[in-house]
Each structure stands twice: as C-alpha cells, then as structure tokens.
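Enquirer: So TrEMBL lists the following for this protein:
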- B:1-27: region 'Disordered' (REGION)
- B:59-77: transmembrane segment (TRANSMEM)
- B:83-106: transmembrane segment (TRANSMEM)
- B:156-281: domain 'Palmitoyltransferase DHHC' (DOMAIN)
- B:202-227: transmembrane segment (TRANSMEM)
- B:247-271: transmembrane segment (TRANSMEM)
Amino acid sequence: MIHILHRFFFPFLQTHSLQDLRQQAPVAAKVFVQRDYTSGTICQFQTKFPAALETRIDKQQFEDTIRKLNSLYAEAEKLGGRSYLEGCLACLTAYTIFLCMETHYEKVLKKIANYIQDQNDKIYAPRGLLLIDPIERGLRVVEITVFEDRSTGPGR
Amino acid sequence: MKNCEYRQIDPQVLSTPTPPPTQCAEKTPKQVRRKWEVFPGKNRFFCDGRIMIARQSGVLPLTLLLILFTSSLFFIFDCPFLVKHVTSCIPVIGGVLFTFVVISLLQTSFSDPGILPRATPDEAADIEKQIDSSSSSSYRPPPRVREVLINQQVVKLKYCFTCKMFRPPRTSHCSLCDNCVERFDHHCPWVGNCVGRRNYRFFYTFIVSLSFLTAFVLGCVTTHLALRSQGGKGVISALQESPASALELVVCFFSVWSILGLSGFHTYLVASNLTTNEDIKGSWSGNSGLQSAGNPYSYNSIFTNCCAVLCGPLPPSLIDRRGLLPAEDSPAAAPAPPEIELLGFGAKTDINMEDSCQDFAVSCTG
C-alpha cells in the first residue's frame, strides 16, 4: 500500500524496486560476464570487474557476488560421495529415478536462483542494475542489465 | 417459368471469405506457446516438448525392430525349452537385460544430449564488439579463436558462426542436428540422436547391456540347439525343429562382435575421460607419449574417470524446451495463420462456386 502511494507521489524513485525496474526504466546497456574455463569445463564465471559498472557498484561487492555464484556452481558439479551414490542408484534403476526425483544439481540451481533474487533485491536493484540468472542464458554468461539512472541524487 | 438466362458468376462473391481467417488470426495470439516450438535446431519434439529426437533419426526404428524381434523370438521359442531342460532363471535374466536395453535406448534417443542454446542478439553483438576491439589494424580479419590454459595445456576455443558464441571446451557443433552439444561424443545413427554430456551414460548403459543381452541370447540359443541335437539327431534336424533359433543365431552372431567391440572402445574412452571426437581427431595424443598426460580433463586415475563420467551429477537441460515464450513473441506465430488462410480461402472459393452454380441450376429449373 505504502509502495503504491510512493509510486503515485514520487514518480522518480531514488531507490528502485525490482518490479519498477523491469516495467518502467529504459535499458541503458547490458554487461556480459563471460565464463572462465581455466579450471576446465565446470561452470565458473570471470571475476574481472567490467568497466561499464565502475560508476554503479563497488568492485568488491561485484566480485563477492560472482565468487559466491562460482562456489554454488562448484557445489552443484562436485564429485563426491553424494553424487556417486545418486549416480549408482540411478544406474541400478536404469536411470528411471530421474523421472521422479529432483537431482542434486537441480536443487542447487534453485538455491542459486534464490541467491540471485536476494542479491537483486538488496544490492543491485537499488543501484539500477539487474542480474539475470545464468541458467536463462544457457550458463554462457551472467547478464547484468544497466538501467538508466533517474535518481536526482546518489542512490541510497 | 423463368428464362434460363446465362448468369455470370459475380467474381466479387468469391472475394468475400475474409471473416473465417480473421477469426483464426484472432485466436492464435492468445495461444500459449512453448520454447520448443521456435527451437532453431534440427530437432523434432513430441508430447508438448517432453520428448526430443534429431530430425535425422537414422536407423532408430531398425534398431528397435531388431532388438524387439530377436528378443521376442527368444522368449517365445527358446525359453520354454530351456526352462524345462536347464533352469527357470533364463527368462528372468533375459527379461532384466531386455528391460535395461530398451529403457536406456529410449533414454539415449529421446533426451537432450547437452545442447547449448544459441546466443541472444545482445550477447552476439557484445562478442563481436570484443573481437573487433581486440584486433590490430591489419587487413586480415582476426581469427575467431580464443586460447585458454586448462591444467597447463593450451586449449583453443573456436567461434561458432551458427550459434554466435565461443564454444566451451569439449563442445562441438553437430551439422546433422545444427546444434552445439557439450562434451560432444558423436552423432549415432543407430540411436537417432547426438551423444553428449547428458546422455553419454545412457548410451554406455545401452551398449554394455546390449552386448550382454546379445551374448546371453547367443549362448542360450547355442545351448538350446546343442541340447536338441543330442541323442544322435544332429544339428540339421535341431535347426529344422526350431527355425526361429536359427534366425536368432544369425542375427546375434553377426552383431555381437561389433557391439562388443564398441563397448570395449567406449570403456577405454570412459577410463581415460576422452570423447570419440577427441580420440578420432587425436587432440591429446602427439603432444606427449602418454595420452593421459596430454588430456587436461583426465583425473589420472581410471576409477575416478569412470566415476566422473558415469556417476557424476547430471546437469539439467539448458534449452528449457517446455518453458513458455514471452507474450511479445506470439506475433511470430504469423507464419502459421497465412497457411490456414490460404487453405480456407481455397475451400471457400470452391464452396462459393458451388453455391453460385447451385443457384444458377435452381434458377434454370425454377
């Protein structure tokens, strides 16, 4: 309710909500964080800070987000007792359990989606940025949409 | 009584059938569309995107037919005799092997092998910008190759012109399916699909269980014929008594060698964490004497390699074929309505002409 009142009385928000960003603000640019293949084929993203984000977000915060994402993907693809157990059980049932059971990888992907949503709400949306979940881009890139900054002063 | 005057059919009558096509055009934008309907690769989808297969399905029907035919002959003609004279475990073992073969074959054929979705236009533009900016002022266009150091080995990543992205390591573009497939092994015509990261374990289970099944059936049929030809009857009379066994013998004898050979080859590939593609191209041999030292993806332990390839976590499908398209994409359904319109127009023309002719006939007789 307060949110709606805010939108009515203050058309130029200094703090943007995720909903507003997606619906109203025009896109200024799109930044793509590419994959980092130095560890092999596992899903890792480069932590190099893109030049286009220099004015918008702190370098350390960006690196923390990417590092956390990398660790979550590493957890999804980790070879350990749990994944071997899942694999052996699947093999014995002729892989039919994949039809009814959610795999460990899928569970971690849900965790990643929640983390990205959380990061967007707390850190990126207030700065006019939006992280796109890499799974929506085929795990090729982390896409960051940079919205035009309508705020009159520095963002809170 | 009216005069039978010649009445010319009004051509404008024929041009009226606009209402039904517009009804069709109004209906389609509201229809929910899924991503598989606009998938750019050469694949076919069934069950609303749940099942996918390469458009060139090769000899998959033949594979299924051979397996089902030979197995049914075995169960119908050989099992009763063997249950009576040897043991009743034989149809049980045969049944288990047969189930494994069919299920793993269907999973190999109908699942996503690890297709990488094509880059969005924004991504492609960004990559082009990066390539252009990194090129020096030379007349030749810069080679679209990136070099990456993986495990102290230089790996070249090529740019895929169809998918508009730099291919990840071990990814290859299948020309038959027109898709980039992760950890591309080969396109198997027997299975009618590419074999890649997501369905390699199904493929391996299929060929191993098929080699066991073929060897088992061969052994059982040989035992059957041997038992029948005992007591001075001879092999010829045994074959005459059970002609189905002769057919099974021929099929199994000629296929067991190639299937066993293929299983052995893929066991070697699994143990050294290689793909057929890499082995054929000789990507990692030639650098050093030992192939395992050259392969940057190998864990340098046969056991770990096997576990990683066969029992590792199964990544989900990246193409999201059952995902819903955003509403803005529904006008892209335009190619379908014009076809319906054309058909409707043609049919309507005929109906109008028929009506006009009928009117003419009525007016003549009337």
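Each position is counted from 1, following the chain as shown.
Note that Cβ sites are derived from N, Cα and C of the backbone, with glycine treated the same way.
Map these features onto the structure and tell me what's around them.
Expert: Here the transmembrane segment (B:83-106) has Cβ contacts under 8 Å with residues 63-64, 67-68, 71, 74-75, 191, 202-203, 205-206, 209-210, 212-213, 216-217, 220, 223, 227 of the same chain, all six or more residues outside its ends.
Same-chain neighbours of the transmembrane segment (B:202-227): 67, 70-71, 74, 78, 81-82, 85-86, 90, 93-94, 97-98, 100-101, 104-105, 107-108, 111, 185, 188, 191, 195, 235, 238-239, 242, 245, 248-249, 252-253, 255-256, 259-260, 262-263, 266-267, 270, 310, counting only residues six or more beyond its ends whose CB sits under 8 Å from a CB of the stretch.
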Enquirer: Do any residues of this chain, six or more beyond the ends of the transmembrane segment (B:247-271), have a C-beta under 8 angstroms from a C-beta of it, and if so which?
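Expert: Hits for the transmembrane segment (B:247-271): 66, 70, 73-74, 78, 185, 203-204, 207-208, 210-211, 214-215, 217-218, 221-222, 225, 279, 302, 305-306, 309-310.
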